[in-house]
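Database features, via Swiss-Prot:
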TRANSMEM  8-28  transmembrane segment
MOD_RES   PHE8  N-methylphenylalanine
DISULFID  CYS63-CYS105  disulfide bond
Amino acid sequence: MKSLQKGFTLIELMIVVAIIGILAAFAIPAYNDYIARSQAAEGVSLADGLKVRIAENLQDGECKGPDADPQSGVVGNEDIGKYALAKIEGDYDASKTDAGAPNGCKVEITYGQGTAEGKISKLITGKKLVLDQLVNGSFIAGDGTDLADKFMPNAVKAKK
């Protein structure tokens, strides 16, 4: 009398393991890109916070204001996040009046200099995103940016 087969054969198990390996080969790089994109987006959030400081400084005709001084309550020209450090740079150009033209003020975002050093994606560590502020107050990626285009937030990509 024949006995009934119970369980899976070795070949069936090997096929399942091979399929999982193939799926992981596609999923892991995509997941790493997703993590890098989400961490890169923090830099733009920091830059948005610096818009108010730039607007205040522009009242005095400058992009940068005084350096931070906790004693007097001056907040300074930079903001630090979990994954990035954002600094106000540039020289204001009052001659620019077209809403879509850069006004000379920039925010330089350096990834890997935040409070979570070592916990940032290696794909963006040490990269810079330089945002030029336009006359209308919005930002666009400018010269000096070495952050890969696939990690750059859509809000600041140059229209082509």
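Cβ coordinates are placed from backbone N, Cα and C, and glycine is handled just like the others.
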Given the transmembrane segment (8-28), its same-chain partners at Cβ distance under 8 Å and 6+ residues beyond its ends are none
Taking all protein chains shown into account, the Cβ-based neighbour count within 10 Å for CYS105 (disulfide bond) is 27
In three-state DSSP terms, CYS63 (disulfide bond) is classed as coil
